[in-house]
Amino acid sequence: MNLEAVKHAASLNEWSGLIPEIALGCLALLLLVVEMVLPKKRHDLIATIAIIGQFGILGWVAWDFHSPFLGRNDAFSGLLQFSYVGQAMRVFFLLSSIFVSILARVSLAKQQLPRIEFYHIVLVATAAMMLLAQANHFVLFFVALETLTVGLYILVSYFRTSPLSLEAGLKYLIMGALSSSLLLFGIVLLYGVAGNPALEGHTADPMNFAALTRFLALNPDNFLAAAGIVLVLSGIAFKIGAFPFQIWIPDVYQGAPTPTTAFLAVSSKAAGFAILLVLVNSVFGPYWWLVQPVLVAMAVATILFGNIAALTQHNVKRLIGLSGVSHAGFLLIGIIASHSVPSAVGAVLFYLFAYLLATFAVFGVMAHLAGADDAEQELDHYAGLAKEDPFLAAILAVALGSLAGIPPLAGFMGKLFVFIAAFKAGFYGLLAVAIVGVVISIYYYFGWIKAAFFETWTPPADAVNPRPARTPVGAAAGVALATLALCSILFGVYQGPLGAWLLAR
């Protein structure tokens, strides 16, 4: 994109389509300025400014949801495609960043660590994810993805005095570099093949999704293109935590700060699915003969591995990480079905929103029960929670029930919509595996609920009370947790216009 293209975009007022992303960047810079201006004892206001600013940007996206740019795939010289799915993901990522910021107020205070940089990185990473969901070009896709990834490298190792956090950061860095290498190598192969003048339909812009799709449709059996697609798919599989690229999840989820773990579990995973949804219905389409069996095998292995591995976990952060692997498998079913069933796109979006509500509620409870070293959170620590803090116990029960897919909660409806789409697409074997996965997941989710409601905490004989002291629930956190739980119930009982709109996408 050269200077003339920038001027052309300005003349068409295309920059106004990026107001939310630009506003997030400006808000991130504002936080740094406020840090220099405010006295140190007033730095607590910075978190409030960040949260209020994000609510303002969310309000703008909601007000401008039916943007005049919707449907265009040539914005910024073809880098961006504004769509309703992209708008929905904008809302998703803003909600995620708001809840992460609220969690950070609770969690970071225990470690006595700088907070301004945390909010700054979250804002920049959120802007990158919003661009990623609207990418129509591999250049923007890769730049946005790496901007997100670099921010996550820092956030994962944010507890610089914790060996587990530093270890998690190093593991995530190594695995992230590997996945980026696979992804970039795949993009290079596609770029080289589609720009080859000796092949039919070669294009001058082989990294544009639309141009690349047209080329691949004319060359549906090119070996190098097939290899490139598999490598790109492998790079994305790392982000969503799909088998066999989920190996980093348990250790990284345990060692990272709780707000960062929530950010990884929800936002980063959703960003991967957002771009995968675009690619499956564009670039990967002509090679569906290859992509479908790969995704089907990946979905089956992801569901079974995630659920079976979670059965043996006692650390709740590792448990929620491995259960998130199984949810990636369920979402892959929706992605596969979306190639032939249009309503599957809405089913995936609804599942993601239901997953957001339940997962952030669980992490909100975890943040209040964790001590200074929040990597050591065991199921035993939740024993007697219903008696000691009925509010947190109720939130936890609703959230885990939704993740397990228990009616009438939003998680149940999300799974139901995805399963219906898979049934319409004829993937009956996948449905059978998914049902087995749901049954297995009920065991460990309800084991967690059982500990909170039906067990009593008994300190071990070799320690007075190794269980960390619980943090009182503040007003902002209490409202956020109650909202998450109530919305999980509401969207399970009544989807209304929102559900109808999502399923019409």
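Glycine residues also receive a Cβ, built from the backbone N, Cα and C atoms like all the rest.
Some features that Swiss-Prot has for this protein:
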| type | residues | note |
| --- | --- | --- |
| TRANSMEM | 18-38 | transmembrane segment |
| TRANSMEM | 45-65 | transmembrane segment |
| TRANSMEM | 84-104 | transmembrane segment |
| TRANSMEM | 138-158 | transmembrane segment |
| TRANSMEM | 173-193 | transmembrane segment |
| TRANSMEM | 223-243 | transmembrane segment |
| TRANSMEM | 292-312 | transmembrane segment |
| TRANSMEM | 319-339 | transmembrane segment |
| TRANSMEM | 345-365 | transmembrane segment |
| TRANSMEM | 391-411 | transmembrane segment |
| TRANSMEM | 429-449 | transmembrane segment |
| TRANSMEM | 473-493 | transmembrane segment |
Original post:
Cβ pairs under 8 Å with the transmembrane segment (45-65): which stretch of 84-104, 138-158, 391-411, 473-493 has the most?
Top reply: 84-104
**OP:** Please work out whether the transmembrane segment (138-158) lies in contact with the transmembrane segment (84-104), by counting C-beta pairs under 8 angstroms that are 6 or more apart in sequence and asking whether there are at least 3.
**Re:** no
Original post:
Cβ under 8 Å to the transmembrane segment (292-312), counting only same-chain residues 6 or more beyond its ends: which ones?
Top reply: 230, 233, 237, 241-244, 246, 250, 280, 319, 322-330, 332-333, 335-336, 339, 427, 430, 433-434, 436-437, 440-441, 443-444
Original post:
Any residues 6+ beyond the ends of the transmembrane segment (345-365) with a Cβ under 8 Å from its own?
Top reply: 85, 88-89, 92, 95-96, 99, 102-103, 106, 258-259, 261-262, 265-266, 270, 273, 277, 281, 320, 324, 327, 330-331, 334-335, 337-338, 392, 395-396, 398-400, 402-403, 409-411, 413-415, 417-418, 420-421, 477, 480-481, 484-485, 487-488, 491-492, 495, 499, 501-505
Subject >> Among 84-104, 173-193, 473-493, stretch most in contact with the transmembrane segment (391-411) (C-beta, under 8 angstroms) >> reply: 473-493
Original post:
Who are the long-range neighbours of the transmembrane segment (429-449) in its own chain, taking Cβ under 8 Å and residues 6 or more past its ends?
Top reply: 296, 299-300, 303-304, 306-308, 310-311, 313, 316, 319, 323, 326, 329-330, 333, 336, 379, 382, 396-397, 400-401, 403-406, 415, 419, 422-423
**OP:** Please indicate, using numbers and ranges, the residues of the same chain that are 6 or more beyond the transmembrane segment (18-38) and have a C-beta under 8 Å from a C-beta there.
**Re:** 45-46, 49-50, 53-54, 56-57, 60-61, 64, 80, 90, 94, 116, 119-120, 123-124, 126-127, 130-131
